[in-house]
Amino acid sequence: MKASIYDFTLKELSQLLKPSFRAKQLYLWLYAKYKTSFKDMQNNFSKDFIAYLEREFALRTIEITHVRESVDGSKKYLFKSLRDNHTFEAVLLKMKDKKIDAETNAILEREKYTVCVSCQIGCQVGCSFCFTQKGGFVRNLKASEIIQQALLIKEDNNLPLEKALNIVFMGMGEPLNNLDEVCKAIEIFNTGMQISPKRITISTSGVADKIPILAGKNLGVQLAISLHAVDDKTRSSLMPLNKKYNIECVLNEVRKWPLEQRKRVMFEYLLIKDLNDSLDCAKKLLKLLNGIKSKVNLILFNPHEGSKFERPSLENARMFADFLNSKGLLCTIRESKALDIEAACGQLREKKLSQQI
């Protein structure tokens with residue numbers, strides 16, 4: 001199959017296409033006008049150039065096969081690769097964003113959209129609480145397949161170019177195990193879809209030796225660490241990766257992460273009933289993160305088929321959060337969006353096309 005045009009950065013296309021200004025024109029058609037056929041670009045390009053594009057490149061290499069909508073307005077998308085028919089999922093999260101008008105002091109409310117993208121089909125990390133690992137690991141996604149998730153979701157919801165998206169690499173897969181394609185996708189999100197790196201978050205299970213590699217690329221993205229435990233024994237039982245990269249190893253690399261002023265590293269902490277949700281765990285977490293500019297995002301375990309874990313009470317989560325906040329460690333409780341359609345944190349996996357998502 002021909003290379004997808006979405007796999008090329010603006011710089012790469014500028015070097016490939018002659019004259020080079022055609023690359024910017026092509027980017028406009030691809031990312032601002034959502035064109036799905038090269039023939040639809042004839043207003044800008046000659047027939048010969050259109051023929052060249054059709055001969056050398058593919059446009060869409062994935063397609064939406066199913067959409068399921070939550071009562072909260074979030075949507076779970078099942079995508080199919082047109083190359084090998086493997087499937088993967090992504091989620092559109094709709095949230096209310098409040099902002100104070102500088103002139104009137106009025107509170108303005110608007111919708112904020114976040115796309116949770118997958119970077120792999122399946123996952124190699126094997127976290128025991130995560131549904132994705134039950135399908136095993138299939139392959140890495142190409143940058144084009146990551147980009148098209150956001151592009152097709154934006155198109156499906158009729159969102160204009162100027163409507164900013166947040167992108168979180170919190171879907172299927174470990175981003176640092178597909179670092180080259182993830183970094184290329186981030187560059188294209190920025191130059192193509194006009195998504196600022198500040199709106200992009202990479203969440204990692206803690207592949208410690210690749211954190212400095214990501215830092216060295218100076219992408220300006222936000223870093224989130226899936227911590228989920230305060231001692232190595234518990235974390236290793238939840239995340240086998242901890243046997244290779246233990247808590248202290250991960251935290252040592254996080255301490256070196258370049259942070260802009262007023263920015264913090266996010267630590268995601270999955271609360272599981274009677275395992276890691278006690279006040280004693282909160283005290284140990286406070287001690288662990290001492291000296292790191294950080295914030296904690298608590299996630300209540302989202303149940304899925306075959307899981308042995310239970311969801312803690314909201315009261316317990318609030319107790320945990322209140323303690324950390326009272327000690328000066330910023331802590332929030334993540335609202336479980338799309339729980340009714342199994343699109344919340346840890347609930348995505350590859351589906352057979354015959355399966356209902």
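Cβ from N, Cα, C; glycine included.
The active site, proton acceptor feature in Swiss-Prot is assigned to GLU89. DSSP classifies GLU89 (active site, proton acceptor) as strand under the three-state reduction.
This prediction places the mean pLDDT of the domain 'Radical SAM core' (109-340) at 94. According to Swiss-Prot, the feature domain 'Radical SAM core' maps to 109-340, an assignment based on sequence analysis.
Within 10 Å of the C-beta of CYS116 (disulfide bond) we count 30 further C-beta atoms, all protein chains included. DSSP assigns CYS116 (disulfide bond) to a strand segment in the three-state reduction. The disulfide bond annotation in Swiss-Prot covers CYS116-CYS345, and the record cites sequence analysis as its basis.
For CYS123, CYS127, CYS130, the entry in Swiss-Prot reads [4Fe-4S] cluster binding site, with the evidence type sequence analysis.
For GLY173, GLU174, SER203, SER226, LEU227, HIS228, ASN302, the entry in Swiss-Prot reads S-adenosyl-L-methionine binding site, with the evidence type sequence analysis. Sequence-distant neighbours of SER226 (S-adenosyl-L-methionine binding site): residues of the same chain at least 6 apart with a C-beta under 8 Å from its C-beta are CYS127, SER203, THR204, SER205, GLY206, MET239, GLU268, LEU270. According to DSSP, SER226 (S-adenosyl-L-methionine binding site) is assigned to a strand segment.
Annotation source Swiss-Prot lists active site, S-methylcysteine intermediate at CYS345, citing sequence analysis.
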Using DSSP reduced to three states, classify SER203 (S-adenosyl-L-methionine binding site) as helix, strand or coil.
strand
Compute all pairwise C-alpha distances among GLY173, GLU174, SER203, SER226, LEU227, HIS228, ASN302, the residues listed as binding S-adenosyl-L-methionine, and give the largest one in whole angstrom.
19
GLY173 (S-adenosyl-L-methionine binding site) versus recorded positions GLU89, CYS116, CYS123, CYS130 - nearest by Cα:
CYS123
Determine, using Cα-Cα distances only, which of these recorded positions is closest to CYS123 ([4Fe-4S] cluster binding site): GLU89, GLU174, LEU227, ASN302.
GLU174
